[in-house]
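Here is what TrEMBL says about this protein:
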BINDING   133, 134, 149, 156, 157, 158  substrate binding site
COMPBIAS  1-19  compositional bias 'Low complexity'
COMPBIAS  179-195  compositional bias 'Basic and acidic residues'
COMPBIAS  196-208  compositional bias 'Gly residues'
REGION    1-30  region 'Disordered'
REGION    179-208  region 'Disordered'
């Protein structure tokens, strides 16, 4: 948690959640009891994300990892690159996790998305959930992924081999991407930018 004092968070306003870092102007992670969400340019670590949801009351932990695939529609993919509007993306991730935690009676949920370039075979998102029973954990993990894909303000860019160039892709499974200008949110600039940018959310069509 942050070493600096932040405003007290409330359960009904994600914008008031306390950033878990020393720079409150540009938070990269938010945590509250049972919930952890983060954006990072670092490699994702299964163990650290799993440890975020451990509980003596949990009988099951399920973790999903979205990885970069080496092709799309027979085109060779060199890598993916992700960018985000971080303040809004974190709040959306927190809202999703709060809802799923309550709906499925979870003991913990963690959602971590990587930004910047993600090479072939490496993870772009990790989602971990824990619950007393495995059925709820399976359902919650899948729902968290689908909600992330549909709502979180993270975009991806696919870099193809040869003369394919780069393509911004909307966050829909199997959707055909188009070359577009760098995304903007309202009047603001994209907050976090990876090398080459990105379009589409965590568990999108380049991932498992």
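Any Cβ shown, glycine's included, is placed from N, Cα and C.
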Would you measure the largest Cα separation among 133, 134, 149, 156, 157, 158 for the substrate site and round it to whole Å?
38
Across all protein chains shown, the one of the binding-site residues 133, 134, 149, 156, 157 with the most other Cβ atoms within 10 Å of its Cβ is 156
